[in-house]
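According to TrEMBL, the features are:
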ACT_SITE  293  active site, proton donor/acceptor
BINDING   143, 210, 231  Zn(2+) binding site
BINDING   154, 234, 235, 242, 271, 327, 328, 329  substrate binding site
DOMAIN    62-400  domain 'Amidohydrolase-related'
């Protein structure tokens with residue numbers, strides 16, 4: 001029972017001797033937490049005459065919002081696209097392991113699969129808050145099967161689908177969409193417009209990707225409600241000065257007023273050349289969302305593993321479709337991506353951290369409670385040293401991992 005006069009009996013924790021990322025800059029300020037939320041100390045002092053029950057010395061480290069990964073296919077041998085006997089157990093294992101990477105929320109991602117896989121897997125991946133048992137699940141990302149055959153990448157061609165009857169096809173393949181946060185589709189597919197509109201109406205973020213779309217087709221998709229680009233530069237037409245393709249959305253003047261297009265970047269040093277990272281970030285810095293696109297072999301040794309319906313080979317930091325040189329996701333972790341992104345672009349520490357926290361939260365419409373350290377938001381955060389190495393991870397103000 002707190003000994004102060006605050007309006008709640010819940011204990012108050014004050015994190016001291018820290019630098020916190022707030023309002024797009026790192027500033028020397030204490031962080032106050034109560035009942036899993038960030039607390040406004042002025043209201044506490046002046047309105048409630050309250051004070052801290054516990055102080056934690058952060059030893060001059062940085063506190064940033066917890067990282068959010070909107071595209072992760074699995075890890076540690078778990079494949080979210082495999083209809084195994086214990087799907088929820090596999091999700092829980094990955095959720096627990098990625099705490100050490102600073103990830104506090106994520107979107108388990110399913111690659112192109114037969115409809116039987118969606119009907120088995122989707123009901124078992126529930127949206128849930130994070131905690132000591134692992135990072136929170138904010139919804140599933142469905143990447144495919146409504147994508148381009150020419151730009152399918154590592155997606156198995158025999159399971160690709162088109163929109164013959166629009167939304168009906170979508171529901172036939174996926175079944176229920178209750179736990180879905182994002183869908184990646186190719187906007188040049190016939191009848192994609194009504195599908196995009198319906199998904200957005202249901203509160204699902206629509207991403208364009210694995211696509212042969214030209215710029216006008218991509219812009220039309222954005223006008224219909226699409227707001228994200230899946231792993232920019234990868235699995236799309238290359239930038240051309242007469243038709244920049246999907247990449248041109250970064251500077252398009254056809255994006256409706258008040259809207260912003262976000263784009264995922266795999267900053268693992270393999271999928272995207274540092275110069276391409278720099279071009280994208282300088283063209284549209286507030287849209288860049290770091291994603292791992294991690295495959296089940298993340299955290300496992302080199303060798304052969306599975307991804308959905310495919311066999312994959314891990315060679316060093318590369319993940320290939322078995323027997324080819326086709327990249328199929330990464331084995332990078334989010335903390336690695338943050339550091340590589342900062343090093344490759346020369347961006348500020350603030351921008352690198354926000355690309356893994358604020359921007360993904362904004363892209364999913366969750367920034368009123370995730371991705372920031374604003375007052376009354378969820379107290380999900382990471383404690384880092386100056387090299388941006390994760391030292392501790394907190395969810396709802398509770399330490400869930402320590403180095």
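Just so it is clear, glycine is given a Cβ too, placed from its N, Cα and C backbone atoms.
Here the structure is a predicted model, which means the values were calculated and not measured.
Listed recorded positions near residue 329 (substrate binding site): 293 (candidates 143, 210, 293; Cα-Cα distance within 10 Å). Highest local Cβ density among the binding-site residues 210, 234, 235, 242, 328 belongs to 210, counted as other Cβ atoms within 10 Å over all protein chains shown. Distance from the CA of residue 235 (substrate binding site) to the CA of residue 293 (active site, proton donor/acceptor) is 13 Å. Sorting the binding-site residues 143, 231, 271 by the number of other Cβ atoms within 10 Å puts 143 first. The two recorded residues residue 242 (substrate binding site) and residue 143 (Zn(2+) binding site) have their Cα atoms spaced 29 Å from each other. Here residue 154 (substrate binding site) comes close to 111, 307, 310, 312, 321, 326, 327, 328, 329: these same-chain residues lie at least six apart in sequence, with C-beta atoms under 8 angstroms from its C-beta. Apart from 143, 210, 231, the residues listed for Zn(2+), the same chain places the Cβ atoms of 71, 144, 147, 153, 155, 184, 207, 209, 230, 234, 235, 293 within 8 Å of the centroid of those Cβ atoms.
The two recorded residues, residue 231 (Zn(2+) binding site) and residue 271 (substrate binding site), have Cα atoms 9 Å apart.
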